[in-house]
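What TrEMBL records for this protein:
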- 5-21: transmembrane segment (TRANSMEM)
- 23-288: domain 'NADH:quinone oxidoreductase/Mrp antiporter transmembrane' (DOMAIN)
- 56-76: transmembrane segment (TRANSMEM)
- 96-115: transmembrane segment (TRANSMEM)
- 152-171: transmembrane segment (TRANSMEM)
- 178-196: transmembrane segment (TRANSMEM)
- 202-222: transmembrane segment (TRANSMEM)
- 234-254: transmembrane segment (TRANSMEM)
- 274-294: transmembrane segment (TRANSMEM)
- 290-342: domain 'NADH dehydrogenase subunit 2 C-terminal' (DOMAIN)
Amino acid sequence: MNPQAKLIFTISLLLGTTITISSNHWIMAWAGLEINTLAIIPLISKSHHPRSIEAATKYFITQATASALVLFSSMTNAWYTGQWDITQLTHPTSCLILTSALAMKLGLAPFHFWFPEVLQGSQLTTGLLLSTVMKLPPVSLLFMTSHSLNPTLLTCMAILSTALGGWMGLNQTQIRKILAFSSMSHLGWMTIIISYNPKLTLLNFYLYMLMTTAVFLTLNTIKASKLPTLTTAWTKAPALNAMLLLTLLSLAGLPPLTGFLPKWLIIQELTKQGMTMAAVSISLLSLLGLFFYLRLAYCSTITLPPHTTNHIKQWHTNKPTHSSIALLTTMSTALLPISPLITTII
């Protein structure tokens, strides 16, 4: 792709995200979402592979439907209450439509079907944008309207999302699809707590962005897109692969790594709110996700899978790891000791 065109699309992405996050009016928020959607589509389809074109088409149809629902929800609320302010969403029908629209934007169950397919059809760098930056505007809208949305509906969607994210990721061999189902599972954790403590949702989202960025950039460095490729990548960059193991376990939420912090705080808050059964359910369902994270970690660092097929080993490279990957990986694994500081900030 032409560098100038790529620069324009990247600036448009940042512009759309900034407009949506900083807006108070529903029309401005909608315009920011549209700018975002139109900027990412050329980046998805830039390889001109049929699968990329299919992914871009699916993404466009889904996001256009979700944007139309956001507009419909805000217009319905304005019709009944006369308010266009994002925080003044009070009509029950508008709240229901908006919940569906934002779930579709985020890839939250039961509106999740497009996300794994789109991520599979994209390159790793575009997949990183889809998993992190593109989720920022819908999460910010969810944050601003959290006091109006139905907590029971959000809890049911969150538990369903965590369950489906775990189950559907079990038999995958494509790493991008595994990371898509991982994203669904994490979104379940963010959604379940947003009605009770929205700041915890933002903390979870920021740490999820941090860990996912580290994983995607590492995979992009070692050029691994499926499990068989990952099994031979340890010859190329052994130290990077060893850190990938820790980052994946952090993404799974194992102590004493960074990913344990949001899960710990969310379970604590759910218990305070008297939602012990929801806390137990979502904790047990996250064990499904732990299985495929462990499989990724096993393939990346510990050993080759037990079969007789000869694999071509990749050449060991002496090229130093990029400093951004080193910093992100360190933060993805070592932030738990400063959790008291993080909790005082939020």
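Positions of Cβ are set from backbone N, Cα and C atoms, glycine also.
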**OP:** For the transmembrane segment (202-222), name the stretch out of 96-115, 178-196, 234-254 with the most CB-CB pairs under 8 Å.
**Re:** 234-254
Subject >> the transmembrane segment (178-196) vs the transmembrane segment (274-294): 3 or more CB pairs under 8 Å >> reply: yes
Original post:
When you scan the chain for residues with a C-beta under 8 Å from the transmembrane segment (5-21), skipping those not six or more beyond its ends, what do you find?
Top reply: 28-29, 31-40, 42-43, 129, 133-134, 136-137, 140-141
Subject >> Residues from the same chain, set at least six apart from the ends of the transmembrane segment (234-254), whose C-beta lies under 8 A from its own >> reply: 182, 208, 211-212, 214-215, 218-219, 221-222, 260, 262-263, 286, 289-290, 293-294, 296-297, 300-302, 313-317, 321, 325, 329, 332-333
**OP:** Quickly jot the same-chain residues contacting the transmembrane segment (152-171) by Cβ under 8 Å, restricted to those at least six beyond its ends, or write none.
**Re:** 96, 99, 103, 108-110, 112, 116, 177-178, 181-192, 194-195, 275, 278, 281-282, 285-289, 291-292
